[in-house]
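The next block holds one structure in the form of structure tokens; read it before the comments.
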């Protein structure tokens, strides 16, 4: 890799461009000829570090040498990304503390630790091959770590809480068959939630693959891979660990005891001996027991428990007792004692739950949010709070400034600030204009020199005292900061002296292309081309460059091409914001339809829009109030300080993630309600019971998710601070406001339109699937199946 150091200026005008106004600083430019990869970048930066140290050492720090540039700032962004990932380690103890308290077991807390470590490593390993194809954003690894941390904890929480619920109270002995049965039901219900919510989240993130910007493609691939790893690990590794060490993980609480696991093969011979000694027919009894258990398992999804209101409509209640025994499926739902006469207690809760302040809180919350007309009032109040803030989303200022992605406390960033204060800010991001000569003319012909010099004179005149003001132009038409155009005397001077000067060619040969048919010019703007006004600078320069080129040069056979990293970025962002809304809309429609089909619910897509899409836009309204109107400036924290706009990449990177996470909690609540409805529980008691059973779990999951993303506040990159605010605020609002109040209220007034559509029998018939039985018919089917099973048992 060759490096070129621009020589010192040889006259006062040349010095003025490279000397600070106070005369105490000077600047030199180092250019690399070709694109460089990561290893070459580190080699260049190490070389510059050595030069900096040598200069400072030789001058005894009387002359301070520092360097900066796009490569140095990009490297700082990568280093800050690594530091932000490491900062998540400080949040892990807090997250595990919340997890352990919620689940009530220090042993089960060990499982998500293993899952997190494996998930992060596998996700990065799977992303590695794609780094050879697309450019990976510096924010991608940070967000992948946050997602892995949050999703592994959340999915484990959903799974392990259900596992403990199925195991029941702590016991000194436990049969292995009970562990298998508990895991079967855990995977059946909670595993379905993890699979569906994770699939939808990964699907929403994969929409980024169709974006035109490479590092957004890498973000979509990286985050989707992370979610896929979290799903796979929680559905495979978690059950495997529980089965490998059942005696360790089935002892709940915070003691150090172990549960004694009894193998069923060790128990059956004893029961058989006892049965034979009593003269009984063990084989027949065992066969009957297995048939009865199989019958219970088949009936469980359709087991019906109906209230007095359903009985009055002519629906036959399910027999809760037969021959003095209650089935396991029935006993699990025997606490649904529907009180139609008491709307404030739709069912009875246990004394232990009544004594628990948190459980009682969720019971009261579910009761009042589903009580008409309180539900209507709650909906009105919540939307009255949401809509005014949502309107602020229309005031969002999308900032194209790349400086929002740079660590604010890095040495190279401070050096860049010094350049802005004392030199032309355009040194850090020059603008390039390539001008191709007419056929038969070389760039060293005086006609080319004169035409291009006059062209740049006109451009600088138009841009004087504007946002795109040009402080300095370099190229073949300038020498020592002076244009080489003029009268015949200037032409003679050029052809006689300048054109033959070795110093002139040393300065300009690097600007000339092959065959001397084209040359590029460097323009340094007065304002920062990567700063807050970058879009205005680019548009203003285009307004001057393109018409002027058409008027002065194009008619003479010249061709002009305008380029800079800033121009490329702004054009890509413009194209992205043009196409991304359609990608997002199609993704949301597909996800809503998939969710409606999975739960056979025609009202679900509309309800998801009301409870997810609208609150999601409210979060961006809050971000506008914080980062554009300084609502939290009294915190005196740079993490929530006014940045005059939202970084362009933040809405694009967070909107689908917000959507997926909100849907995650919604699915968890909905699955419980749907489970109770499948067991014949009426609408309102099912909703209240769903809120009652999932309230503490969703709250803990939300706090864990917020803690996981709060690590972004510790970063010194303003863009990551904005992402952290949006993610944390969204999770907390969704956890404590939307999922707690709005969702139960809307469900309670949706009545039967919420549940199974009438055309499902026809669709299932076309697909050849067994048609599900309605809840109000499950009791009749239960009695019919019971008679058939009794007949089978009698025949044996």
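Cβ atoms here come from the backbone N, Cα and C positions, even for glycine.
Per TrEMBL, the feature compositional bias 'Polar residues' maps to 267-288.
Here TrEMBL flags 310-322 as compositional bias 'Basic and acidic residues'.
What TrEMBL records for 11-246 (among others) is domain 'Membrane transport protein MMPL'.
Feature annotation from TrEMBL assigns domain 'Membrane transport protein MMPL' to 454-758 (among others).
Among the features that TrEMBL reports, region 'Disordered' is placed at 265-322.
What TrEMBL records for 87-103 (among others) is transmembrane segment.
Residues annotated as transmembrane segment in TrEMBL: 110-130 (among others). Distant neighbours of the transmembrane segment (110-130): 92, 96, 99, 136, 140-141, 144-145, 148-149, 151-153, 156-157, 160, 218, 221-222, 225-226, 229-230, 233-234, 237-238, 241-242, 249; these residues of the same chain sit at least 6 beyond its ends, with a Cβ under 8 Å from one of its Cβ atoms.
The transmembrane segment annotation in TrEMBL covers 193-216 (among others). Listed as Cβ neighbours of the transmembrane segment (193-216) (distance under 8 Å, sequence separation of 6 or more from its ends, same chain) are residues 134-137, 140, 151, 155, 158-159, 223-224, 227-228, 230-231, 234-235, 572-573, 575-576, 579-580, 583-584, 586-588, 590-591, 594-595, 598, 649, 652-653, 656-657, 659-661, 663-664, 667-668, 671.
According to TrEMBL, the transmembrane segment annotation covers 222-245 (among others).
The feature transmembrane segment is assigned by TrEMBL to 361-386 (among others).
Look at TrEMBL and you will find 580-599 (among others) tagged as transmembrane segment.
The annotation transmembrane segment is assigned in TrEMBL to 606-628 (among others).
With a threshold of 8 Å between CB atoms, the same-chain residues lying at least 6 positions outside the transmembrane segment (648-670) that come near it are 137, 139, 143, 147, 154, 158, 193, 196-198, 200-202, 204-205, 207-208, 211, 216, 219, 223, 227, 396, 398-400, 405, 573, 576-577, 580, 584, 587-588, 591, 595, 599, 604, 608, 611-613, 615-616, 619-620, 623, 690-691, 694, 697-698, 701-702, 705, 719, 722-723, 726-727, 730-731, 734-735, 738-739, 743. Summarising the annotation, TrEMBL assigns transmembrane segment to 648-670 (among others).
Per TrEMBL, transmembrane segment is recorded for 691-714 (among others).
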Spatial neighbours of the transmembrane segment (87-103) far in sequence, C-beta under 8 Å, 6+ residues away: 109, 112-113, 116, 145-146, 149, 153, 156-157, 160-161, 164, 696-697, 700, 703-704, 707-708, 710-711, 714-715
